[in-house]
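Engineer: Mind having a look at this structure? Questions to follow.
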Amino acid sequence: MSSQTKFKKDKEIIAEYEAQIKEIRTQLVEQFKCLEQQSESRLQLLQDLQEFFRRKAEIELEYSRSLEKLAERFSSKIRSSREHQFKKDQYLLSPVNCWYLVLHQTRRESRDHATLNDIFMNNVIVRLSQISEDVIRLFKKSKEIGLQMHEELLKVTNELYTVMKTYHMYHAESISAESKLKEAEKQEEKQFNKSGELSMNLLRHEDRPQRRSSVKKIEKMKEKRQAKYSENKLKCTKARNDYLLNLAATNAAISKYYIHDVSDLIDCCDLGFHASLARTFRTYLSAEYNLETSRHEGLDVIENAVDNLDSRSDKHTVMDMCSQVFCPPLKFEFQPHMGDEVCQVSAQQPVQTELLMRYHQLQSRLATLKIENEEVRKTLDATMQTLQDMLTVEDFDVSDAFQHSRSTESIKSAASETYMSKINIAKRRANQQETEMFYFTKFKEYVNGSNLITKLQAKHDLLKQTLGEGERAECGTTRPPCLPPKPQKMRRPRPLSVYSHKLFNGSMEAFIKDSGQAIPLVAESCIRFINLYGLQQQGIFRVPGSQVEVNDIKNSFERGEDPLVDDQNERDINSVAGVLKLYFRGLENPLFPKERFQDLISTIKLENPADRVHPIQQILITLPRVVIVVMRYLFAFLNHLSQYSDENMMDPYNLAICFGPTLMHIPDGQDPVSCQAHVNEVIKTIIIHHEAIFPSPRELEGPVYEKCMAGGEEYCDSPHSEPGTIDEVDHDNGTEPHTSDEEVEQIEAIAKFDYVGRSPRELSFKKGASLLLYHRASEDWWEGRHNGVDGLIPHQYIVVQDMDDAFSDSLSQKADSEASSGPLLDDKASSKNDLQSPTEHISDYGFGGVMGRVRLRSDGAAIPRRRSGGDTHSPPRGLGPSIDTPPRAAACPSSPHKIPLSRGRIESPEKRRMATFGSAGSINYPDKKALTEGLSMRSTCGSTRHSSLGDHKSLEAEALAEDIEKTMSTALHELRELERQNTVKQAPDVVLDTLEPLKNPPGPISSEPASPLHTIVIRDPDAAMRRSSSSSTEMMTTFKPALSARLAGAQLRPPPMRPVRPVVQHRSSSSSSSGVGSPAVTPTEKMFPNSSSDKSGTM
């Protein structure tokens, strides 16, 4: 069976949805028709009663014949009306029943002429006229609220339609990405089978690079499609979750409307009608009861009918008469797209944190709303009781008018002094209408609040059920998660960026032109962070954040860092929102130029917001394209944020209040108080109608805001951003030609990617260019030549052709005399079994507090915290999948982190070379004295190299030395305390081996090379080739595996290397670089590379 017959098409799903919406719309229209018909029926009834009593008052002067005719006249009229049919169908309403009994009793009336005429004319008819006015007024107010309810229902259904289409779109993209991934896997398998059939002996030596290239291309394509599939799958999951949540909210809102709101709406239409009508009839009964005893039997029947005037019974009767109109419709069902089997909210790991945070926010919001709504309900009940007291005043007794001792004049005076006097009428009517107005205001507030609680409660219950199942599933008590885990995307750190133009308080256009970022990093990162963790945050952009944290985030952005890449557990949402507002508020040129202020304000003259779209669009078209792109991105985000106003309480108007003064500055000479309201209205209009105002991506290229964003773990490099920069350590000309080409052996390399140098010392080259390498300057840089110019070449952008592990061999030879070697690992086995295990933290042993400020690498250098799961080093040739995008030259530093350990991690050959390199250059201080001597040596060296910088360098070194000594003493104390607490003999600890005094101290520090620049000189390539087969499988390290007794199988992971700019070194000094007087990196620089001597290095 084909996929067309299995799954519904998008058009069919949309057609079914539109049909269901059309049916609901029809029901809503019919409801108002029914209520309007009921109101007209009541008005007709009241008009008939007024006419009846008016005629009866006139006819009371006549005799019983006229009264009999009157009764017969209305009886015949009723027999031909619809109410007569209702009576047959047992749908007789209580007011109609009273009317029937009155007519029946009228036939017995033949007496009481003048008194009854006075009472009917001055009392009963006036009451009926007031009731008619009340019916019309109450129906109009109820209709307004009903229309608002209908609009809310249609708005909810429209939102459900939008979310459903978004879900369909992302799911289609996920299916497409999955098919492409399968196609890539088939190509890889086909290529693998094809290469296996050929004999290695029959292939020529020059054909092998071509096969490797084809394999790498296929692997690149597979990895790229794998990443695309993972990203689309995550977006699809988020879109489906939103769809299901909106689906639950929509069904809950519709169900509440049909079950509760319609009933309450009918109650509003009936408010006071039955009570007022009862008073009128009781007035009539009071007059009639004083008539002759012969009428008592018939009047008792009427009294019983009046006592049975019941608004609830009539309401149920009306709803039973029109059961098809008032019955709730069918619930909206989840419409799976293209066979999607997941029909519930997914709480897997990529979205579990977000859902949990959203659940707690909903819980807090619901608690507040329920308290507020309960208070409103109490006020509503009290107001209703007051209204009932007003409407049930017992002022219908007119027995005094029938006293035989009184004259006609006394009867008139008594009537004038009673309730129906004009003064009392005006006073009572004013009080009643004022109370009614307050009641309707509170009723509207209560209905809106209860609707909001119903929707949020539905989401809350669904999230509670989902998260509860997820927790139980993790404990192994219920079924596994709905979706199988998909391959995760390799995380890549956001690069560091430093530009010549200011980010804050500068020109945004100049910054965008300089950086190449279509959206400034601070805006893009803050919006992404709020999208992931703050859409449900109450009062976002209105509640201020911590000023200290705002300044910290701002300073990080100004340094070119992105502090929000992986800090969702540390950053406050309100502080991030404050940074976003701070950035736009401090721009040198506001987002909306002051020159167009009057033009924008003039659009407010159009009362309809939809009519303002075209004038605003024509004004914004005149702005620069880069500004329009930023505006489009920002206002799309604000519109998305306003869609969660039920939870975050930030509708478009509230957002406009927050962003109006930020985005549109009021020019000098204008009254800020009077203009601010107009500014807010302009911003509100743009937020609501941003799609119609700003050009589409086809009309204007640039990044577009996406509602479903990936988290920090999946954060990829933006296609609109530029690679980060590395500041120079030495600002001298770094491209000085080498004095001799024969001092070192030249190594040939091929460029894997295009690279543009960001300083005079860095070389620029194209992909496939041939490069000459002199020696390895650091982990990430080579000294080399291209097109006759010497300079630095990034290691991650090249493939070394004829160096096969020579760099690792030279370091291994140097390390043999200094450190004990690690276990020998087979190269092939390590390449096959290079598996990533979950990262652990040593928080149980107190390392979080000891190493909270400084993380020590195996070579003794302090390294910043990095996100786990990614590696900044390129894999060795022929091993592992290659990366499809150029690696960044600089990594983004962040706050210190605990030391991670990997269980069962088998390191790749390239990482073993990095570990060997780190251990070769390490320096162990035997005691604090040696540490102080090293610091003083560094201070002396720094003063000789940078004597022109002044005395502040020595003060900085002293402060740094004091800080280092304090940190080391604290670390030693806590680690020794841990050692004393452990009863089992522990294996040597990495940190203890680094910090504790050694029994056999090494030779003088000056005898060891302090920098890799002194050892990376390949003089005998043949010898390196001879040793490559054996030394490539070795992993040289200064320390033994840490915590081997505590964590079985735990092995140190090589720390991620950050590209540190090597110092300037000419080739003429390479042969003597291992001497004491060489300008190498001092021990303190290796421990803390971010000190004063490295301030101009990588940020």
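Using N, Cα and C of the backbone, Cβ positions are placed for all residues, glycine too.
As the structure is a computational prediction, the values presented were derived from the model and not from experiment.
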Engineer: Do you know which of Ser81, Ser213, Ser817, Ser882 is annotated phosphoserine by Swiss-Prot?
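Structural biologist: Record annotation (Swiss-Prot, phosphoserine): Ser817.
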Engineer: Which candidate in Ser64, Ser199, Ser808, Ser820 appears in Swiss-Prot with the annotation phosphoserine?
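Structural biologist: Checking Swiss-Prot against Ser64, Ser199, Ser808, Ser820, the phosphoserine entry points to Ser820.
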Engineer: By the record in Swiss-Prot, which of Ser410, Ser764, Ser821, Ser830 is the one labelled phosphoserine?
Structural biologist: Ser821
Engineer: Coiled coil per Swiss-Prot sits at which of 147-187, 311-351, 352-392, 680-720?
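Structural biologist: In Swiss-Prot, the coiled coil feature sits at 352-392.
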Engineer: Look up Ser75, Ser642, Ser954 in Swiss-Prot and give me whichever carries the note phosphoserine.
Structural biologist: Ser954
Engineer: Look up Ser66, Ser416, Ser858 in Swiss-Prot and give me whichever carries the note phosphoserine.
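Structural biologist: Ser858, according to Swiss-Prot.
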Engineer: Could you tell me what the rest of the chain brings near the coiled coil (352-392), counting residues at least six beyond its ends with Cβ under 8 Å?
Structural biologist: 241, 271-272, 275-276, 278-279, 345, 428, 431-432, 435-436, 438-439, 442-443, 445-446, 449-450, 452-453, 456-457, 459-460, 463-464, 466-467, 470, 532-533, 536-538, 568, 647, 711
Engineer: Mind looking up the mean pLDDT for the domain 'Rho-GAP' (506-694) in the predicted model?
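Structural biologist: In the predicted model, the domain 'Rho-GAP' (506-694) has a mean pLDDT of 90.
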